[in-house]
Amino acid sequence: METLFNGTLSVGGRDQESTGFAWWSGNARLINLSGKLLGAHVAHAGLIVFWAGAMNLFEVAHFIPEKPMYEQGLILLPHLASLGYGVGPGGEVVDTFPYFVSGVLHLISSAVLGFGGVYHSLIGPETLEESFPFFGYVWKDKNKMSTILGIHLVILGFGAWLLVWKAMYFGGLFDPWSVGGGDVRVITNPTISPGIIFGYLLKSPFGGDGWIVSVDNMEDVVGGHIWIGTLEILGGIWHILTKPWAWARRAFVWSGEAYLSYSLGAVSLMAFIACCMSWFNNTVYPSEFYGPTGPEASQSQAFTFLVRDQRLGANVASAQGPTGLGKYLMRSPTGEIIFGGETMRFWDFRGPWLEPLRGPNGLDLNKLKNDIQPWQERRAAEYMTHAPLGSLNSVGGVATEINATNFVSPRSWLACSHFVLGFFFFVGHLWHAGRARAAAAGFEKGIDRDNEPVLSMKPLD
């Protein structure tokens, strides 16, 4: 009887002897079988889209309109809401039907992809080169690889333009900076200036500079997508029409495993960027849907207690705290009026609920005394009690109530998951890059399976 460990197991007509890989190496057995590898990739896409559709419908089924999205552990509906679907002024959900439609469309798409995956895995030709030369390829064919890269870039460019079209012509996006607490807004005047758009890329990633994570208006977001979408389409056409230059042919390793390593490195970078975006940014990740950022929760607590104590008669401009610094207000290193207390570390925070109270020199005392609106008080109190924290100390002064409701912010989920997965993908990038470079140099054929201990063990039965 065959077991999973005796090396003779044949899955889909491919065994360890003929492919050089054991059954558990998965798609490595299909490296030179373009048709079967297509099936694996299409089936994988089907699984991804199925998860998106099923999870989408799961969130719709459990959604409670009276509660904020971030209090319900949702991660997909906030993305749809950010795109302007189903929400109105203040980020209030007015219609869940678009969310239902999104889930159903993804499920239907996953069925098509699933069928295609099964077909190409089990029925379709093992290799595409003979029957469908356009879709066929050989990993070492540098010109074909360049063409495939170009096709991918064109598709990605159209993806970026889809957001632009949604923002400008198909209903707009949710803009948390709209007056009165955010609203869906058509972006009519996106930022085209290369100085502004590429200025983000040249900024420091640290502190208040924040690289591209510091984007704080929808015009720049849409303008950035116009630029990157256009560049990707033009770059894709370039790669389709041209052949790699001599320096590129020499510089890169041209093998399936090398391309895998490049892809893993790119996905890793995107995961780390997504981690920082979801944790720090409250423009493209509106706090109305994802909950406050860490600095936002801390600042909102200082604001909430300033409002309370001012009503009780405190002079918030001159009251001293236990350290001798201002209890409610103090000055930043650059002389601006900022909130006092531990939240001073977040003095450069910017948020839609707070900005109306600023003047030319930081927070405006006159506005703090006379112009605070009820919606600002409500939002700050809500954000204060929903900090994205998993820590008992060093939380920027936010009260950590051990008997509070068990709340985990979607920002915590998204940032932590993308950081961990980004790290794993980076390790995978290093692993496969090392193997690919070694194979290209001719001194590495992978781990020697002939001396695998399990091969000398007797069958389990």
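Heads up, the Cβ atoms here are built off N, Cα and C, so glycines get one too.
The range from 310-334, 335-359, 360-384, 435-459 that Swiss-Prot describes as transmembrane segment is residues 435-459. The stretch that Swiss-Prot tags with transmembrane segment, taken from the ranges 122-143, 210-231, 386-407, is 122-143.
Counting Cβ pairs closer than 8 Å to the transmembrane segment (166-188), the top stretch among 57-81, 122-143, 243-263, 279-300 is 279-300. The recorded stretches the transmembrane segment (57-81) and the transmembrane segment (243-263) do not share 3+ CB pairs below 8 A when only pairs 6 or more apart in sequence are counted, and are therefore not in contact.
On its own chain, E355 ([CaMn4O5] cluster binding site) has W177 as residues at least 6 apart in sequence with a Cβ closer than 8 Å to its own Cβ. Beyond the transmembrane segment (122-143), the same-chain residues lying 6 or more positions past its ends with a Cβ under 8 Å from any Cβ of the stretch are 12, 31-36, 38-39, 243-244, 249, 254-256, 259.
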